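Taking it in order: structure first as structure tokens, then the write-up.
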Amino acid sequence: MSTAADSPLSLAHYYLPVYRPRQVVLERGQGSRVWDDAGREYLDLSSGIAVSGLGHNDPDLVAALTEQAGKLWHTSNVFFSAPPLKLAEELVSASRFAHKVFLCNSGTEANEAAIKLVRKWASSQGRPADKRVIVTFRGSFHGRTLASVTATAQPKYQEGYEPLPGGFRYVDFNDVAALEAAMAGGDVAAVMVEPIQGEGGVMPAAPGFLSRVRALCDQHDALLVLDEIQCGMGRTGTLFAHWQEQVTPDIVTLAKALGGGFPIGAMLAGPKVAQTMQFGAHGTTFGGNPLAAAVARVALRKLASPQIADNVVRQSAALRAGLEALNAEFGLFAQIRGRGLMLGAVLAPEHAGQAGAILDLAAKHGLLLLQAGPDVLRFVPALNLTDAELADGLARLRLATAEYVAQP
């Protein structure tokens, strides 16, 4: 008979305690379902924080990984291999704006590369260090490394890591007047923005906001950097979220769904900056390894397909309708916001701060969700989510919601 000491959870004390994972050990997955080591099934509407865009155990990704694993895993960037070269070409072609690509291992690394590229470009223009400011937006999230967490305009992620790097300025999201004022001094080299803030509460850019940011960047000869790490790769119904605003960026950062669950990141550079970094200006040991690139090529091809785009639009409407029906019954939400399959259900004031409690009850009923702060339930399921999976997820959410509202 197994005991608690036999569970992998007994080893959790070896982890640096920077996470608060649920006391569940997930063992396998298929589509939008996962099973724990006790055999219990869960419907997964979190997709590893918007990473598993094709669900779990996608056969095409497994085949690509298995085939490449039998050939070559790693060379470092002192040699060429075919998968990253082909991936770079395919990303440039798919992007509609980029000329060059830098491949790395994560979203944070992609954003670090973007920050360095901005600074290098400003330097190449003869701008002194005090005129290389990067503007970001309150509520943003750009990563955990020191420069990217400084770009992340949320004090809770920065506390205790001072002194932070200089040269960043924060303004309120969707506030054009505030951005105009922040750029008026002529010291801004770039504006870095998420088309939809993820960790900031699933908050979309207001209609026309990205176009105004682009215009201000043009006016002040500043770069536009779009962080599409969470909202990109088909999640909003188009391969890139900014396509829906018809703006052309100078730099785009990607990760998460690009690898379908295998770690990879990418920075895409447009013509204005594509030649800025030359030999030795930046680098990575593992970035663009043939194993990750082989998987990402297949993920990109599938995520860019019309079938995925159509499914995202259809399931987004169905998920919204399901959440609205729940709200009509239980009065839990003040607002449903977001685009595509990146939706946030904002809790009504009387339920403020209870997102975590609702997630606990959802897990009890076999549903895996995320929160985006204490007041928002975040839905970022696989983009190939089926009708049956969504219906099952909504049914489980209804059970969790009913139990929540019945509590004294």
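Cβ atoms here come from the backbone N, Cα and C positions, even for glycine.
According to Swiss-Prot, the features are:
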type: BINDING; residues: Gly107, Thr108, Phe141, Asp227, Glu228, Ile229, Gln230, Thr285; note: pyridoxal 5'-phosphate binding site
type: BINDING; residues: Arg144, Thr284; note: N(2)-acetyl-L-ornithine binding site
type: MOD_RES; residues: Lys256; note: N6-(pyridoxal phosphate)lysine
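With the fewest other C-beta atoms within 10 Å around its C-beta, Thr285 stands out among the binding-site residues Thr108, Gln230, Thr284, Thr285. Following the DSSP three-state reduction, the secondary structure of Gly107 (pyridoxal 5'-phosphate binding site) is helix. Per the record's binding annotation for pyridoxal 5'-phosphate, residues Gly107, Thr108, Phe141, Asp227, Glu228, Ile229, Gln230, Thr285 show a top Cα-Cα distance of 25 Å.
In this structure, the binding-site residues under consideration are Asp227, Glu228, and the one with the smallest number of other Cβ atoms within 10 Å of its Cβ is Glu228. Taken residue by residue with DSSP, Glu228 (pyridoxal 5'-phosphate binding site) is part of neither helix nor strand, so it is coil. For the recorded positions Arg144, Lys256, the largest tally of other C-beta atoms within 10 A is found at Lys256. The two recorded residues Gln230 (pyridoxal 5'-phosphate binding site) and Lys256 (N6-(pyridoxal phosphate)lysine) have their Cα atoms spaced 6 Å from each other. In this structure, the C-alpha atom of Phe141 (pyridoxal 5'-phosphate binding site) lies 22 angstrom from that of Thr284 (N(2)-acetyl-L-ornithine binding site). For Gly107 (pyridoxal 5'-phosphate binding site), applying a Cβ distance below 8 Å and a minimum sequence separation of six or more within one chain yields Gly143, Asp227, Ile229, Gln230, Thr253, Leu254, Ala255, Lys256, Gly265. In this structure, the CA atom of Arg144 (N(2)-acetyl-L-ornithine binding site) is 19 Å away from the CA atom of Thr285 (pyridoxal 5'-phosphate binding site).
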